[in-house]
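Notes to accompany the following structure.
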Amino acid sequence: DSLLERDIALRSARAGRPDPCSGCSSRRERSKQRKVKKRLTLAALLYLLFMTGELIGGYVANSLAIMTDALHMLTDLSGIILTLLALWLSAKSPTKRFTFGFHRLEVLSAIISVLLVYILMAFLLYEAVQRTIHMDYEINGDIMLITAAVGVAVNLIMGFLLNQSGHLHSHSHSHPQSHVPQSNSPNTAHSSSHGHSSLAVRAAFVHALGDLVQSIGVLVAAYIIRFKPEYKIADPICTYVFSILVVLTTVRILCDTGVIILEGVPRHLNVDRIKEDLMKIEDVYSIEDLNVWSLTAGKTTAIVHLQLVPGSSSKWEEVQSKARQLLLNTFGMYKCSVQLQSYKQEMSKTCASCQSSSA
């Protein structure tokens, strides 16, 4: 072991808690992913079975609202399949070409899932407008009512399954006993469960919530049409409500995926707070550079370049150890790289050509 690793191990032992290693993290991650995969697989099977039943029921009842619910379930099923594929690929080891691994495939699956819903929304809106204009359709209220009631029950089960799987990606990174310098502000030792949720699983859960609300709307419409057939306009109205719901529930996902693709700082982290805490480490003179981004949701990476105070070059191992502990434990980074340099007096960065032109 290197001197740095032994130093970190000794400090962690004194603190009364084991130092996190890549082996432990990998085992925890694999265990969480196995649970997520089991729940998503079960949800996919339930989606497939009920989607088939809804397609048949919607066709027999001639209900656009039921067909809308069934087609929405088809996009949710596609999203879950993409999620399972992304989780499988993201567990693969990095390669020479993809040195960070395949974590971004999870983000890609979330984007594709949302785009599928938007394409479906445009098609169903067109059909709903046609029905609203011509009003040349009849609906079997009994079949619609029964199918919609079953849909509400199934979507409740889906929401429970996907919500539980989403929580499996939450982590708490509050370590008040850490030996690294910390601010008294509660924002320093924080819980980053929101930032560590899986985007793809969140996308599936949001779709399930949309399905549930839509199924309740379809049930209300079916009740109205069953006892008041002259109000059959309630059937296309469900599609209009669904379209608004889609926009409201997917904007956040698109924003989060956009931040990840553009390598922005995750919303649960504050770069200024990270810099303040790094500057509180003894023998740190300045922060030359700090980059924070996410490989995917819950996997934040940081690269920091620190300059040591004059005459403290011999303490670089201790400073690096404290900086890594701060980034990994306090701020919950997935990976971090700490670069150090000895103190150098800042020199003029103006080249001779610029100096001559300014003169």
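Quick reminder: no glycine exception, Cβ is built from N, Cα and C everywhere.
Here is what TrEMBL says about this protein:
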{"type": "TRANSMEM", "residues": "40-61", "note": "transmembrane segment"}
{"type": "DOMAIN", "residues": "40-262", "note": "domain 'Cation efflux protein transmembrane'"}
{"type": "TRANSMEM", "residues": "73-91", "note": "transmembrane segment"}
{"type": "TRANSMEM", "residues": "103-123", "note": "transmembrane segment"}
{"type": "TRANSMEM", "residues": "143-162", "note": "transmembrane segment"}
{"type": "REGION", "residues": "168-194", "note": "region 'Disordered'"}
{"type": "COMPBIAS", "residues": "177-194", "note": "compositional bias 'Low complexity'"}
{"type": "TRANSMEM", "residues": "199-225", "note": "transmembrane segment"}
{"type": "TRANSMEM", "residues": "240-265", "note": "transmembrane segment"}
{"type": "DOMAIN", "residues": "266-341", "note": "domain 'Cation efflux protein cytoplasmic'"}
*Can you tell me which of 40-61, 73-91, 143-162, 240-265 gets the most C-beta pairs within less than 8 Å of the transmembrane segment (103-123)?*
73-91
*Quickly jot the same-chain residues contacting the transmembrane segment (40-61) by Cβ under 8 Å, restricted to those at least six beyond its ends, or write none.*
67, 69-70, 73-74, 76-77, 80-81, 83-84, 87, 139-141, 143-144, 146-147, 150-151, 154, 157-158, 161-162, 165, 201, 204, 208
_Model confidence over the domain 'Cation efflux protein cytoplasmic' (266-341) (mean pLDDT, whole number)_ = 90
*Per DSSP, what is the residue tally for the domain 'Cation efflux protein cytoplasmic' (266-341) in helix, strand and coil?*
27 helix, 30 strand, 19 coil
*By Cβ distance under 8 Å, which residues at least 6 away from the ends of the transmembrane segment (73-91) in the same chain are close to it?*
29-30, 33, 36-37, 40-41, 43-44, 47-48, 50-51, 54, 101-103, 105-106, 108-110, 112-113, 116-117, 120, 158, 200-201, 203-204, 207-208, 211, 296
